[in-house]
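Student: Next up is a structure, given as structure tokens.
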Amino acid sequence: MNNIKNKFAIPLKIGSVELKSRVFQSPLSGVTDLVFRRLVRRYAPHSMMYTEMVSATEIHHLKELPKIMEIDPNEQPISIQLFDCRPDFIAEAAQKAVTEGAKTVDINMGCPVNKITKKGGGSSLLRQPEIAEQLVKEAVKAVDVPVTVKTRIGWDDAEITILDFAKRMEDAGASMITIHGRTRAQGYNGSARWEWIKKVKEVLDIPVIANGDIFSVESAIECLTQTEADGVMCSRGTLGYPFLVGEIEYFLQTGKKLQGQDVIARLECAKKHLKGLWEYKGQRGIYQARKHLSWYCTGFAGAAELRDQLFTIITVDDGYKLLDEAMGKIINCPD
Ligand SMILES: Cc1cc2nc3c(=O)[nH]c(=O)nc-3n(C[C@H](O)[C@H](O)[C@H](O)COP(=O)(O)O)c2cc1C
């Protein structure tokens, strides 16, 4: 335990950028908007966050930048994540990302969704390493902040190409690589294969961040121990639990484990989340909040029923009423 703390309490250098924390909040499409990131930031003062992935083609064609690129000046350090297969568009989008305040620019080379891969973006770049190299090279030329890559271990079990691919990204100028230890074919199924992340760490000089199946402080420690990666990135473990990154950050800084948040704290956070989405996005925010609220509702009697009810809310008051009632029941009848 102490070894972990001593090694991971020290800052991490990503090219010219120095981070105080080695825990990362991953980009999550439909999740890591400004409202969610604010909740994470309350508990994780130093961790790097990411926007949801943004299409460089869309940035090229639209007059106004998409709202998902918006950054609060107080939320540094933050990276903007781009996806595309056009090096010229990626370069242009990278410049705009930096103007928006991105501390680093990340290129998505891991998204498994057909809509993205069919157009040559996301994980399909694992099969087009020459294009992936061009994306990195052009982005590096275009901006003076570090360019990073987030990818998977390969296309499928027959094509686990990450060792060669990661080296190519480093040689092309990437300043850090995050590896989700699954293949594209796995989607989000099965376990993340951290052993591949360890193998990459052995052959790269740039920082390697481990991603996949980090759901607790314990799993973060286990992953760091097994992979010897330079940091960890949390993803689905933060859905309905925006405290996770902060809990891991705190442990790596102090060697002490914070008590996990109880149901009441989680439901209070759900209320903040709902209000924040309403204030930031209006009615669309309420509809988006439904899924978030359902993620907060686990681990207590009546959670499944409450989840169903939360999927019908139209106003903030509807959500507050349901959540307050649930909290009342939990307080009066803890088990
Ligand atoms: C809802 C959802 C949205 C995601 N959106 C993105 C994204 O925009 N960019 C990205 O690089 N990865 C995205 N991912 C992948 C995660 O960042 C992460 O790599 C993956 O979930 C593995 O980590 P986990 O096993 O801890 O969840 C997404 C995953 C989920 C579940």
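Note that Cβ sites are derived from N, Cα and C of the backbone, with glycine treated the same way.
According to TrEMBL, the feature active site, proton donor maps to C111. Sequence annotations record features per position, and here TrEMBL assigns FMN binding site to Q81, K150, H180, S235, R236. The domain 'DUS-like FMN-binding' annotation in TrEMBL covers 26-327.
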Student: Mind telling me which of the binding-site residues Q81, R236 has the densest Cβ neighbourhood, counting other Cβ atoms within 10 Å?
Tutor: Q81
Student: Near the Cβ of S235 (FMN binding site), how many other Cβ atoms are there if near means within 10 Å?
Tutor: 22
Student: So of C111, K150, H180, which of the recorded positions has the fewest other Cβ atoms within 10 Å around its own Cβ?
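Tutor: Relative to the other recorded positions in C111, K150, H180, C111 has the fewest Cβ atoms within 10 Å.
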Student: Per-residue pLDDT averaged over the domain 'DUS-like FMN-binding' (26-327) comes to what?
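Tutor: A mean pLDDT of 97 is what the model gives the domain 'DUS-like FMN-binding' (26-327).
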Student: Distance check, please: Cα of S235 (FMN binding site) against Cα of C111 (active site, proton donor), rounded to an integer number of angstrom.
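Tutor: That comes out at 13 Å between the alpha carbons.
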Student: Can you give the largest Cα to Cα distance in Å, as a whole number, for the residues Q81, K150, H180, S235, R236 that bind FMN in the record?
Tutor: 17
Student: In whole Å, how far does the CA atom of R236 (FMN binding site) lie from that of the residue listed as 'active site, proton donor'?
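Tutor: Computed Cα spacing between R236 (FMN binding site) and the residue listed as 'active site, proton donor' is 14 Å.
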Student: The residue listed as 'active site, proton donor' to K150 (FMN binding site): how many Å between their Cα atoms?
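Tutor: Here the two Cα atoms are 9 Å apart.
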